[in-house]
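**Q** Encoded as structure tokens, here's the structure I'll be asking about.
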Amino acid sequence: MITMTNWESLYEKALDKVEASIRKVRGVLLAYNTNIDAIKYLKREDLEKRIEKVGKEEVLRYSEELPKEIETIPQLLGSILWSIKRGKAAELLVVSREVREYMRKWGWDELRMGGQVGIMANLLGGVYGIPVIAHVPQLSELQASLFLDGPIYVPTFERGELRLIHPREFRKGEEDCIHYIYEFPRNFKVLDFEAPRENRFIGAADDYNPILYVREEWIERFEEIAKRSELAIISGLHPLTQENHGKPIKLVREHLKILNDLGIRAHLEFAFTPDEVVRLEIVKLLKHFYSVGLNEVELASVVSVMGEKELAERIISKDPADPIAVIEGLLKLIKETGVKRIHFHTYGYYLALTREKGEHVRDALLFSALAAATKAMKGNIEKLSDIREGLAVPIGEQGLEVEKILEKEFSLRDGIGSIEDYQLTFIPTKVVKKPKSTVGIGDTISSSAFVSEFSLH
């Protein structure tokens, strides 16, 4: 028998609990990727003119299959079309100076904090008031100006001593790392393509984040930095390639050993990783992490390199992502890697597969969904109390349909059930029909859930 869950009431209670607990977290270490986001809202006429000018046939080639990196203008425009056609996000490194100059001249509508670390530092430190220590590969004046006020710190050496200071107090003069983000709304039309939902394509004009450049303070004094945290969130491994991944992955492994020795729970925030060799290396690293966060494209890409091509196809063939295929993928991932917590987010619903059991897992997911809805609605969250506004956003129909499937299959009760030795947690999310922006929503979801779950436990 299917019972109707009172999700609105659960949302409100979860928010009350997290508001009371979240500031108890004493510190979060965030590494490694921070940059500047230059956001351009795409216009049909402008994009079509650009496509015609460089040659439509050549551009369309790349709308079928993404290149590994961007070396030409047709590759840039074709990759943007790839995202529009599927309503899926993608990010590629722009290696050519000519294409970087083309993007700079194309311009932007707004500049924002970018990179998973930068976005999470502003949210956790600037909005939630939790002390964070952020890795910033290049602290230019513009980069520093994008950090919010609050307990956000970067390590620096002073007379051989390690000090933590706000990024705006840092010595200036380093380079700008700019990622150009091409945003499109749902039903955006270009040529004969129509976007099934809002999303974006990212072209990275950046010589530091893509090679996982790590600052000397973080190489020489990592243990000292880590001791000032209770939790760690690691991100930024996704642009690495078969040619350059050896040294950075080795360093990440060393950092994880220190975190594990100190008993600090580390979460990996996954992002789409085009290089399959690197993707497999990241899967091997998962046994050193407590937790991982990913969406349907990322999950499919992971199970694919684990040898499950047909399962990968099933995960992404439907919209919203097929929950039965997703759970099969999550189960494979948790069993084969030994990670203790997986948080899956997609349009309409979130799932968690965890060794830990309890309502706090669901409450953390609900809080993170409110944070995401608020960010989508407002473009930015300025203070913790803003998240109450997310309560007014309606729950999406897609998620409620998925709930019926999962209740039948796994006997969920108020979103909680079990599968083998794990707790399976489900929530339907609140869906903003016309979001102001989609950038950073995944990072908002994962960091809010990971940190609030820890604070509630």
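Including glycine, each Cβ sits where the backbone N, Cα and C put it.
Dumping what Swiss-Prot says about this protein:
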DOMAIN    5-457  domain 'ADPK'
BINDING   Asp37, Glu91, Gly115, Gln116, His179, Asp443  D-glucose binding site
BINDING   Asn295, His345, Thr346, Val432, Gly442  ADP binding site
ACT_SITE  Asp443  active site, proton acceptor
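Each of these features: where is it, how hidden is it, and who are its neighbours?
**A** DSSP classifies Glu91 (D-glucose binding site) as strand under the three-state reduction. Long-range Cβ neighbours of Glu91 (D-glucose binding site) (same chain, at least 6 residues apart, Cβ-Cβ under 8 Å): His179, Phe201, Ile202, Gly203, Ala204, His238, Pro239, Ala271, Phe272.
Residue density at Asn295 (ADP binding site): 23 other Cβ atoms are found within 10 A of its Cβ, drawing on all protein chains shown.
Taking the Cβ of Asp443 (D-glucose binding site) as reference, residues of its chain lying under 8 Å away and at least six apart in sequence are, in sequence order, Gln116, Ile119, Met120, Leu123, Ser235, Glu269. In the three-state DSSP scheme, Asp443 (D-glucose binding site) falls into the helix class.
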**Q** Given the binding-site residues Gln116, Thr346, which one is most crowded in terms of C-beta atoms within 10 angstroms?
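**A** Its Cβ has the most other Cβ atoms within 10 Å: Gln116.
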**Q** Going by DSSP, is Gly115 (D-glucose binding site) part of a helix, a strand, or coil?
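**A** Note: Gly115 (D-glucose binding site) is coil by DSSP, not helix or strand.
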**Q** Could you measure between Thr346 (ADP binding site) and Gly115 (D-glucose binding site) for me? Cα positions, answer in whole angstrom.
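**A** With distance taken Cα to Cα, Gly115 (D-glucose binding site) is 20 Å from Thr346 (ADP binding site).
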**Q** What is the separation, in Å, between the Cα atoms of Val432 (ADP binding site) and Asp37 (D-glucose binding site)?
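**A** On Cα coordinates alone, these residues lie 22 Å apart.
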**Q** Note the Cβ centroid of Asp37, Glu91, Gly115, Gln116, His179, Asp443, the recorded D-glucose site, then list each other residue of that chain whose Cβ lies within 8 Å of it, in sequence.
**A** Asn33, Asn35, Gly114, Gly118, Ile119, Ile202, Val439, Gly440
